[in-house]
Amino acid sequence: MTQKWLFSTNHKDIGTLYFMFGAWAGMVGTSMSMIIRAELGQPGTMINDDQLYNVIITAHAFVMIFFMVMPIMIGGFGNWLVPLMIGAPDMAFPRMNNMSFWLLPPSLTLLLMSSVVDNGAGTGWTVYPPLASVIAHSGASVDLAIFSLHLAGVSSILGAINFITTAINMRSNNMTLDQTPLFVWSVAITALLLLLSLPVLAGAITMLLTDRNLNTSFFDPAGGGDPILYQHLFWFFGHPEVYILILPGFGIISHIVCQESGKIESFGTIGMIYAMLSIGLMGFIVWAHHMFTVGMDVDTRAYFTSATMIIAVPTGIKVFSWMATLYGTKFKFNPPLLWALGFIFLFTMGGLTGLVLANSSLDIVLHDTYYVVAHFHYVLSMGAVFAIMGGIIQWYPLFTGLTMNSKWLKIQFTIMFIGVNLTFFPQHFLGLAGMPRRYSDYPDAYTSWNVISSIGSTISITGIIMFILIMWESMIKQRNVFIWTNMSSSTEWLQNNPPAEHSYSELPLINL
């Protein structure tokens with residue numbers, strides 16, 4: 001057991017470890033979000049401490065981003081599926097793969113420690129100085145959070161090197177780049193983004209660390225520094241990061257849509273690849289749209305507004321290509337397809353509010369209100385999370401050799417769909433009415449929408465608990481898969497069920 005799970009170099013075992021870690025972190029992060037919604041469920045205070053409230057907000061963001069979405073999407077699905085889809089016996093660097101995973105539990109431990117020592121890191125996930133400086137946050141909390149980010153960053157960089165090498169070098173002999181499955185492309189592009197953006201974050205937080213402990217003044221105007229420099233460095237990482245969170249989801253949805261529509265390939269495969277590449281590369285040149293309120297030149301604001309809007313073009317190409325793939329199909333509303341349709345609809349909604357926020361003049365008013373919270377939760381809670389749910393249901397029979405109860409899954413989808421929309425749709429109204437983020441209390445005028453939002457969060461968590469029960473039921477009933485009933489949309493379905501410990505011991509010859 002120790003050999004298998006602690007020292008594993010098998011991509012399937014490491015993928016499973018990532019899934020279990022992500023599920024655990026997801027439960028931690030969801031618990032935090034429930035505390036936030038309980039606090040905001042009525043006017044007046046529940047926690048009685050704004051610092052603690054902001055610590056929970058900060059930890060919720062970090063846990064969900066670095067320890068739930070990224071490990072599940074890149075580590076879980078990436079490790080399991082990339083080698084199977086390209087006909088590789090394993091990842092390019094199996095031992096580095098193992099190290100990538102085992103850097104995450106210590107990283108999460110450091111993050112949770114930062115919440116419980118001293119007063120906690122109540123900086124928001126952006127960790128802006130001067131709030132993150134030693135004057136405003138004395139004690140070890142922010143330092144622990146910085147070390148946590150360093151570990152998570154090293155883990156992601158090692159993983160990125162591994163995925164890029166695997167996708168380039170380990171493909172089947174005659175599999176050309178345009179025949180490479182879209183999910184493999186999405187993970188490779190994600191890895192490229194990680195490789196280019198994380199070193200900048202590492203630089204920024206290292207400078208913050210020395211500002212706090214070694215008396216430097218990179219971000220302190222008293223010593224000739226500039227806090228805006230930190231914002232530029234952070235968002236140069238932060239914006240690609242949000243595309244890192246959603247790109248693997250694009251790949252997952254492409255596969256689900258292709259398989260459920262019963263077509264031989266996705267509509268406009270090459271266009272899909274170019275769209276992902278453009279989204280990834282353009283993600284690096286729009287970072288300052290997070291900073292419209294810091295007093296930038298009007299020409300600078302005009303550039304970042306228009307560049308941000310142009311990203312909507314490749315995103316639109318992807319959305320319409322998914323719809324074109326589904327065109328003419330006689331739908332059987334299987335659970336994975338429901339999640340994919342939910343993803344397409346709600347991700348588009350989130351994209352539209354993003355287009356609103358791209359306008360620098362409007363963003364001056366909407367910045368730091370709940371409109372922004374609603375926007376990014378639409379693309380994360382209903383984009384990334386819906387893609388994860390759809391992907392788990394789609395490939396669960398491949399990973400385990402078992403089947404989940406389809407009827408229950410449809411009910412669970414409905415509950416969760418209602419829950420997340422009820423949680424986040426009212427937040428648009430709160431934002432337009434001017435309710436600011438990161439405050440634990442609010443004027444009575446905002447009560448009704450907050451009550452509805454908190455009810456929605458309770459419905460959502462019911463849906464998540466139901467999903468865990470459905471998975472548990474499939475495991476205790478042990479309903480084995482005898483044959484894949486769906487048309488194989490890519491090579492991972494050619495495995496046994498569940499796949500043998502080692503796949504492709506003899507390399508496959510792929511004729512497409």
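Just so it is clear, glycine is given a Cβ too, placed from its N, Cα and C backbone atoms.
Residues annotated as transmembrane segment in Swiss-Prot: 16-36 (among others).
Its Cβ taken as reference, GLY44 (Ca(2+) binding site) is surrounded by 10 other Cβ atoms within 10 Å in the chains shown. Residues or ranges marked as Ca(2+) binding site in Swiss-Prot (evidence: similarity to another entry): GLU39, GLY44.
Under the heading transmembrane segment, Swiss-Prot lists 55-75 (among others), citing sequence analysis as support.
Residues or ranges marked as Fe(II)-heme a binding site in Swiss-Prot: HIS60, HIS377. Sequence-distant neighbours of HIS60 (Fe(II)-heme a binding site) (same chain, 6+ residues apart, CB-CB distance under 8 A): GLY29, MET32, SER33, ILE36.
Away from its own ends, the transmembrane segment (101-121) comes close to residues 14, 17-18, 21, 25, 28, 51-52, 55-56, 58-59, 62-63, 66-67, 71, 75, 127, 132, 137-145, 147-149, 151-152, 154-155, 158 of its chain (Cβ-Cβ under 8 Å, at least six residues beyond either end). The transmembrane segment annotation in Swiss-Prot covers 101-121 (among others).
Summarising the annotation, Swiss-Prot assigns transmembrane segment to 144-164 (among others). Beyond the ends of the transmembrane segment (144-164), by six or more residues, the same chain brings 58, 62, 66-67, 70, 74-75, 78, 82, 91-93, 96-97, 99-101, 103-104, 106-108, 110-111, 113-114, 117, 121, 123, 127, 187-188, 190-192, 194-195, 198-199, 201-202, 205-206, 208-209 to within a C-beta distance below 8 angstroms of the stretch.
Beyond its flanks by at least six residues, the transmembrane segment (182-202) meets 73-74, 77-78, 81-82, 85-86, 149-150, 153, 156-157, 159-164, 167-168, 233-234, 236-238, 240-241, 243-244, 247-252, 254-255, 258, 266, 269, 272-273, 276-277, 280, 283-284, 490 of its own chain at Cβ-Cβ distances under 8 Å. The transmembrane segment annotation in Swiss-Prot covers 182-202 (among others) and rests on sequence analysis.
What Swiss-Prot lists as transmembrane segment is 233-253 (among others). Sequence-distant contacts of the transmembrane segment (233-253) (same chain, six or more residues past either end, CB-CB distance under 8 Å): 65, 69-70, 73-74, 77-78, 126-128, 181-187, 189-190, 193-194, 196-198, 200-201, 203-204, 207, 276, 279-280, 283-284, 286-291, 318, 322, 340, 343-344, 347, 376, 379-380, 383-384, 386-388, 390-391, 394.
Swiss-Prot lists HIS239, HIS289, HIS290 with the feature Cu cation binding site, giving similarity to another entry as the kind of evidence. For HIS290 (Cu cation binding site), the same-chain residues that are 6 or more apart in sequence and have a Cβ closer than 8 Å to its Cβ are GLN231, TRP235, GLY238, HIS239.
Within the chain, the transmembrane segment (267-287) has long-range Cβ neighbours (under 8 A, six or more residues past its boundaries) at 178, 182, 185-186, 189-190, 192-193, 196-197, 232, 235-236, 238-240, 242-243, 247, 250, 254, 304, 307-308, 310-311, 313-315, 317-318, 321-322, 324-325, 327. If you look up Swiss-Prot, you'll see 267-287 (among others) marked as transmembrane segment, on the strength of sequence analysis.
Residues or ranges marked as transmembrane segment by Swiss-Prot on the basis of sequence analysis: 307-327 (among others).
As annotated by Swiss-Prot, transmembrane segment applies to 337-357 (among others).
Look at Swiss-Prot and you will find HIS367, ASP368 tagged as Mg(2+) binding site. Annotation note: HIS367 (Mg(2+) binding site) sits in a coil segment as assigned by DSSP. Cβ contacts within 10 Å of HIS367 (Mg(2+) binding site), excluding its own Cβ and spanning all protein chains shown: 19.
If you look up Swiss-Prot, you'll see 379-399 (among others) marked as transmembrane segment.
The annotation transmembrane segment is assigned in Swiss-Prot to 413-433 (among others) on the grounds of sequence analysis. Through the fold, the transmembrane segment (413-433) approaches residues 37, 335, 338-339, 342, 346, 353, 366, 369-374, 377-378, 381-382, 385, 389, 445-446, 449-450, 452-464, 466-467 of its own chain, all at least 6 residues removed from its boundaries and within a Cβ separation under 8 Å.
Distant neighbours of the transmembrane segment (451-471): 30, 33-34, 37-38, 40-42, 389, 396, 404-405, 408-409, 411-413, 415-416, 418-424, 426-427, 430; these residues of the same chain sit at least 6 beyond its ends, with a Cβ under 8 Å from one of its Cβ atoms. According to Swiss-Prot, the feature transmembrane segment maps to 451-471 (among others), an assignment based on sequence analysis.
Cα-Cα distance from HIS289 (Cu cation binding site) to HIS367 (Mg(2+) binding site): 10 Å (rounded to the nearest whole number). The largest share of C-beta pairs under 8 angstroms with the transmembrane segment (16-36) comes from 55-75, of the ranges 55-75, 307-327, 379-399.
Around the Cβ of HIS239 (Cu cation binding site), the number of neighbouring Cβ atoms within 10 Å comes to 23.
Listed binding-site residues: GLU39, ASP368. The one with the lowest count of other Cβ atoms within 10 Å of its Cβ is ASP368.
Ranked by CA distance from HIS367 (Mg(2+) binding site), the binding-site residues GLU39, GLY44, HIS377 have HIS377 at the top as the closest.
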